(Lines of atoms letter the chains of each structure in order from A and count residues from 1; the text may use other names and numbers.)
(Lines give C-alpha, C1' and ligand atoms only; values in the text may rest on other atoms or scores of the structure.)
Protein backbone atom coordinates (compact mmCIF):
# COMPACT_ATOMS: atom_id res chain seq x y z
CA UNK A 1 0.00 0.00 0.00
CA UNK A 2 1.58 3.27 -1.05
CA UNK A 3 2.22 5.90 1.57
CA UNK A 4 0.25 9.11 1.47
CA UNK A 5 2.36 12.20 0.57
CA UNK A 6 0.87 14.04 3.55
CA UNK A 7 1.93 11.27 5.92
CA UNK A 8 5.48 11.38 4.51
CA UNK A 9 5.76 15.13 5.14
CA UNK A 10 4.43 14.70 8.67
CA UNK A 11 7.06 12.06 9.44
CA UNK A 12 9.78 14.31 8.01
CA UNK A 13 8.77 17.18 10.27
CA UNK A 14 8.73 14.96 13.35
CA UNK A 15 12.27 13.67 12.72
CA UNK A 16 14.87 15.29 15.09
CA UNK A 17 17.13 17.74 13.26
CA UNK A 18 20.87 16.94 13.24
CA UNK A 19 23.14 19.22 15.25
CA UNK A 20 24.71 21.74 12.90
CA UNK A 21 28.38 22.55 13.47
CA UNK A 22 28.06 26.31 13.20
CA UNK A 23 30.74 27.04 15.77
CA UNK A 24 28.30 28.93 17.94
CA UNK A 25 28.81 29.39 21.64
CA UNK A 26 26.32 28.00 24.11
CA UNK A 27 23.48 30.07 25.45
CA UNK A 28 25.68 31.15 28.32
CA UNK A 29 28.21 32.70 25.90
CA UNK A 30 30.99 30.26 26.86
CA UNK A 31 33.20 28.39 24.44
CA UNK A 32 31.67 24.91 23.91
CA UNK A 33 35.12 23.41 24.50
CA UNK A 34 35.36 24.97 27.95
CA UNK A 35 34.47 22.79 30.90
CA UNK A 36 33.47 23.90 34.37
CA UNK A 37 35.76 26.59 35.76
CA UNK A 38 38.13 25.12 38.32
CA UNK A 39 40.49 27.85 39.52
CA UNK A 40 42.70 25.30 41.26
CA UNK A 41 43.64 23.93 37.82
CA UNK A 42 44.71 27.33 36.49
CA UNK A 43 48.44 27.98 36.12
CA UNK A 44 50.01 29.51 39.16
CA UNK A 45 49.34 33.26 39.21
CA UNK A 46 52.24 35.22 37.79
CA UNK A 47 53.21 38.78 38.59
CA UNK A 48 52.25 40.74 35.51
CA UNK A 49 54.94 43.09 34.14
CA UNK A 50 52.41 45.93 34.30
CA UNK A 51 49.90 45.54 37.14
CA UNK A 52 46.36 46.65 36.58
CA UNK A 53 45.76 45.26 33.07
CA UNK A 54 44.60 41.66 33.61
CA UNK A 55 41.87 39.71 31.81
CA UNK A 56 40.32 36.24 31.85
CA UNK A 57 41.08 33.56 29.30
CA UNK A 58 38.63 32.59 26.54
CA UNK A 59 36.80 30.36 29.00
CA UNK A 60 36.41 33.20 31.47
CA UNK A 61 38.22 31.28 34.18
CA UNK A 62 41.99 31.79 34.51
CA UNK A 63 43.68 35.18 34.76
CA UNK A 64 45.95 36.36 31.93
CA UNK A 65 48.40 39.26 31.80
CA UNK A 66 47.70 41.75 29.03
CA UNK A 67 50.50 43.45 27.13
CA UNK A 68 51.14 47.13 27.77
CA UNK A 69 52.25 49.63 25.14
CA UNK A 70 55.52 48.41 23.61
CA UNK A 71 55.07 44.78 24.73
CA UNK A 72 55.40 41.83 22.34
CA UNK A 73 52.17 40.27 21.10
CA UNK A 74 50.67 38.01 18.45
CA UNK A 75 50.87 34.33 17.66
CA UNK A 76 48.83 31.49 19.10
CA UNK A 77 50.63 31.62 22.41
CA UNK A 78 51.52 35.32 22.25
CA UNK A 79 50.29 37.89 24.70
CA UNK A 80 47.11 39.85 24.13
CA UNK A 81 47.26 43.63 24.19
CA UNK A 82 45.54 45.68 26.86
CA UNK A 83 42.49 47.92 26.34
CA UNK A 84 42.94 50.64 23.74
CA UNK A 85 45.94 48.84 22.20
CA UNK A 86 46.31 46.92 18.95
CA UNK A 87 48.90 44.33 17.95
CA UNK A 88 50.88 45.73 15.02
CA UNK A 89 53.45 43.87 12.97
CA UNK A 90 57.05 45.03 13.38
CA UNK A 91 57.94 44.08 9.79
CA UNK A 92 56.52 45.40 6.55
CA UNK A 93 56.06 41.88 5.14
CA UNK A 94 55.28 38.51 6.65
CA UNK A 95 56.77 38.05 10.11
CA UNK A 96 56.99 35.07 12.48
CA UNK A 97 54.23 34.58 15.02
CA UNK A 98 54.61 36.44 18.25
CA UNK A 99 56.71 39.25 16.77
CA UNK A 100 54.04 41.94 16.92
CA UNK A 101 54.12 45.02 19.10
CA UNK A 102 51.32 46.50 21.21
CA UNK A 103 50.71 50.07 20.05
CA UNK A 104 48.10 52.61 21.05
CA UNK A 105 45.16 52.78 18.66
CA UNK A 106 45.09 56.57 19.14
CA UNK A 107 48.44 58.00 18.08
CA UNK A 108 49.91 61.25 19.35
CA UNK A 109 51.05 62.70 22.66
CA UNK A 110 48.57 64.14 25.16
CA UNK A 111 48.68 66.51 28.13
CA UNK A 112 47.44 65.09 31.42
CA UNK A 113 45.53 66.92 34.12
CA UNK A 114 48.65 66.57 36.28
CA UNK A 115 50.55 68.90 33.94
CA UNK A 116 52.71 66.10 32.53
CA UNK A 117 53.02 65.10 28.88
CA UNK A 118 52.40 61.48 27.89
CA UNK A 119 53.51 59.81 24.63
CA UNK A 120 49.95 58.52 24.07
CA UNK A 121 46.53 58.48 25.68
CA UNK A 122 47.15 54.79 26.47
CA UNK A 123 50.17 55.72 28.58
CA UNK A 124 48.05 58.27 30.42
CA UNK A 125 45.29 55.72 31.08
CA UNK A 126 47.83 53.24 32.40
CA UNK A 127 49.19 55.88 34.75
CA UNK A 128 45.64 56.68 35.86
CA UNK A 129 45.00 53.01 36.69
CA UNK A 130 48.07 52.93 38.89
CA UNK A 131 47.27 56.24 40.62
CA UNK A 132 45.06 56.26 43.75
CA UNK A 133 41.47 56.97 42.71
CA UNK A 134 40.67 58.41 46.12
CA UNK A 135 42.69 61.54 45.34
CA UNK A 136 40.66 64.57 44.22
CA UNK A 137 40.85 65.46 40.54
CA UNK A 138 41.60 61.97 39.23
CA UNK A 139 44.12 61.92 36.37
CA UNK A 140 42.57 62.48 32.94
CA UNK A 141 43.45 63.95 29.56
CA UNK A 142 43.48 67.73 29.59
CA UNK A 143 44.07 68.21 25.86
CA UNK A 144 45.72 66.69 22.81
CA UNK A 145 49.39 67.40 22.30
CA UNK A 146 52.12 67.87 24.90
CA UNK A 147 51.69 70.21 27.86
CA UNK A 148 53.04 73.73 27.41
CA UNK A 149 56.06 74.79 29.44
CA UNK A 150 58.60 77.60 29.48
CA UNK A 151 62.02 77.15 27.82
CA UNK A 152 64.58 75.00 29.58
CA UNK A 153 68.27 75.16 28.60
CA UNK A 154 69.42 71.57 28.05
CA UNK A 155 72.96 72.28 26.85
CA UNK A 156 74.38 75.69 27.84
CA UNK A 157 77.14 77.38 25.82
CA UNK A 158 80.71 76.52 26.78
CA UNK A 159 83.32 79.24 27.22
CA UNK A 160 86.09 79.31 24.61
CA UNK A 161 89.68 80.61 24.60
CA UNK A 162 91.53 81.26 21.35
CA UNK A 163 93.86 83.61 19.45
CA UNK A 164 93.02 86.34 16.99
CA UNK A 165 92.35 85.14 13.47
CA UNK A 166 90.95 81.80 14.63
CA UNK A 167 87.42 80.49 14.10
CA UNK A 168 85.28 79.84 17.20
CA UNK A 169 81.63 79.13 17.92
CA UNK A 170 79.23 78.86 20.84
CA UNK A 171 76.11 76.67 20.87
CA UNK A 172 73.13 76.04 23.12
CA UNK A 173 70.22 73.60 23.07
CA UNK A 174 66.77 74.53 24.42
CA UNK A 175 63.49 72.62 24.92
CA UNK A 176 60.02 74.16 25.28
CA UNK A 177 56.39 73.83 24.19
CA UNK A 178 55.55 75.69 22.04
CA UNK A 179 58.96 75.45 20.37
CA UNK A 180 60.99 78.48 21.52
CA UNK A 181 62.53 81.31 19.53
CA UNK A 182 66.28 81.38 20.22
CA UNK A 183 68.53 84.42 19.69
CA UNK A 184 72.13 85.37 20.52
CA UNK A 185 73.18 88.58 22.25
CA UNK A 186 76.50 90.05 23.30
CA UNK A 187 76.55 91.55 26.78
CA UNK A 188 78.30 94.94 26.71
CA UNK A 189 78.57 98.03 28.89
CA UNK A 190 77.52 101.55 28.01
CA UNK A 191 79.80 104.52 28.80
CA UNK A 192 77.63 105.07 31.89
CA UNK A 193 78.32 101.52 33.05
CA UNK A 194 74.85 100.06 32.43
CA UNK A 195 74.45 96.63 30.86
CA UNK A 196 73.53 96.62 27.17
CA UNK A 197 72.32 93.61 25.14
CA UNK A 198 73.52 93.74 21.54
CA UNK A 199 71.49 91.57 19.17
CA UNK A 200 73.66 89.40 16.93
CA UNK A 201 74.81 89.32 14.22
CA UNK A 202 73.97 93.01 13.93
CA UNK A 203 76.53 94.89 11.82
CA UNK A 204 79.34 92.41 12.51
CA UNK A 205 80.63 91.02 9.22
CA UNK A 206 82.62 88.30 10.98
CA UNK A 207 79.69 86.94 13.04
CA UNK A 208 76.93 84.58 11.86
CA UNK A 209 73.98 83.11 13.78
CA UNK A 210 72.16 79.91 12.88
CA UNK A 211 69.11 78.30 14.55
CA UNK A 212 67.47 75.00 13.67
CA UNK A 213 64.92 72.68 15.23
CA UNK A 214 66.00 69.52 17.01
CA UNK A 215 67.60 67.23 17.72
CA UNK A 216 64.31 66.12 19.37
CA UNK A 217 60.74 67.37 19.12
CA UNK A 218 60.08 70.80 20.63
CA UNK A 219 63.80 71.51 20.84
CA UNK A 220 65.94 74.14 19.14
CA UNK A 221 69.71 74.43 18.77
CA UNK A 222 71.41 77.76 18.09
CA UNK A 223 75.01 78.61 17.13
CA UNK A 224 76.97 81.85 16.94
CA UNK A 225 80.06 81.61 14.70
CA UNK A 226 82.91 84.13 14.85
CA UNK A 227 85.42 84.08 11.98
CA UNK A 228 87.97 85.58 12.03
CA UNK A 229 88.20 86.17 15.76
CA UNK A 230 89.18 89.70 16.72
CA UNK A 231 90.25 91.19 20.01
CA UNK A 232 87.06 93.27 20.21
CA UNK A 233 84.98 90.06 20.01
CA UNK A 234 86.06 89.17 23.53
CA UNK A 235 83.24 89.20 26.07
CA UNK A 236 80.11 87.46 27.37
CA UNK A 237 77.56 86.00 24.93
CA UNK A 238 73.97 85.21 25.92
CA UNK A 239 71.77 82.49 24.45
CA UNK A 240 68.21 83.77 24.95
CA UNK A 241 65.08 81.65 24.36
CA UNK A 242 61.41 82.58 24.72
CA UNK A 243 57.91 81.33 23.96
CA UNK A 244 54.37 82.23 25.05
CA UNK A 245 54.89 80.64 28.48
CA UNK A 246 58.21 82.17 29.55
CA UNK A 247 61.88 82.66 28.77
CA UNK A 248 65.34 81.41 29.74
CA UNK A 249 68.94 82.41 29.08
CA UNK A 250 72.43 81.04 29.49
CA UNK A 251 75.87 82.61 29.02
CA UNK A 252 79.24 81.71 27.58
CA UNK A 253 82.50 83.69 27.56
CA UNK A 254 84.90 84.24 24.68
CA UNK A 255 88.49 85.06 25.65
CA UNK A 256 90.81 86.34 22.93
CA UNK A 257 94.63 86.49 23.00
CA UNK A 258 96.62 88.43 20.39
CA UNK A 259 98.34 85.98 18.07
CA UNK A 260 101.44 88.23 17.98
CA UNK A 261 102.12 87.35 21.61
CA UNK A 262 102.87 83.82 20.55
CA UNK A 263 106.21 83.19 18.84
CA UNK A 264 107.00 80.15 16.81
CA UNK A 265 109.14 77.72 18.84
CA UNK A 266 112.84 77.76 17.92
CA UNK A 267 114.38 74.34 17.66
CA UNK A 268 118.15 74.11 18.24
CA UNK A 269 120.30 73.69 15.14
CA UNK A 270 122.41 70.56 14.84
CA UNK A 271 125.56 72.57 15.61
CA UNK A 272 124.00 73.90 18.83
CA UNK A 273 123.90 70.40 20.28
CA UNK A 274 127.70 70.03 20.12
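Here the Cβ of each residue, glycine as well, is placed from N, Cα and C on the backbone.
In Swiss-Prot this protein carries:
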SIGNAL    1-21  signal peptide
DISULFID  34-59  disulfide bond
DISULFID  37-61  disulfide bond
DISULFID  42-62  disulfide bond
DISULFID  48-65  disulfide bond
DISULFID  73-87  disulfide bond
DISULFID  81-102  disulfide bond
DOMAIN    91-149  domain 'Kazal-like'
DISULFID  111-147  disulfide bond
DOMAIN    151-255  domain 'Ig-like C2-type'
CARBOHYD  162  N-linked glycosylation site
DISULFID  172-239  disulfide bond
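Here the features listed in Swiss-Prot are painted onto the structure.
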residue: 34; record: disulfide bond; CB count, 10 Å: 15
residue: 48; record: disulfide bond; CB count, 10 Å: 16
residue: 61; record: disulfide bond; CB count, 10 Å: 16
residue: 62; record: disulfide bond; CB count, 10 Å: 15
residue: 65; record: disulfide bond; CB count, 10 Å: 19
residue: 73; record: disulfide bond; CB count, 10 Å: 22
residue: 102; record: disulfide bond; CB count, 10 Å: 23
residue: 111; record: disulfide bond; CB count, 10 Å: 19
residue: 147; record: disulfide bond; CB count, 10 Å: 18
residue: 162; record: N-linked glycosylation site; CB count, 10 Å: 16
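Across the fold, the C-alpha of the residue listed as 'N-linked glycosylation site' and the C-alpha of residue 172 (disulfide bond) stand 19 Å from each other. Cβ-based neighbour count (10 Å, all protein chains) for residue 59 (disulfide bond) stands at 14. Residue 81 (disulfide bond) sits 41 Å from residue 172 (disulfide bond), taking the CA atoms of both as reference points. Of all the disulfide-bonded residues in the list 34, 59, 239, the shortest Cα-Cα distance to residue 147 (disulfide bond) is found for 239. DSSP states for the domain 'Ig-like C2-type' (151-255), grouped as helix (H, G, I), strand (E, B) and coil, give 3 helix, 65 strand, 37 coil. Listed in sequence order, the residues of the same chain lying 6 or more apart from residue 172 (disulfide bond) and placing their CB within less than 8 Å of its CB are 153, 155, 156, 157, 182, 221, 222, 239, 241, 250, 252. If you measure from the Cα atom of residue 37 (disulfide bond) to that of residue 73 (disulfide bond), you get 26 Å. When the disulfide-bonded residues 37, 87 are scored by other C-beta atoms within 10 Å, 87 scores highest. When secondary structure is read from DSSP and collapsed to three states, residue 37 (disulfide bond) falls in the coil class. Within the same chain, the residues at least 6 positions away from residue 42 (disulfide bond) whose Cβ sits under 8 Å from its Cβ are 61, 62, 63, listed in sequence order.
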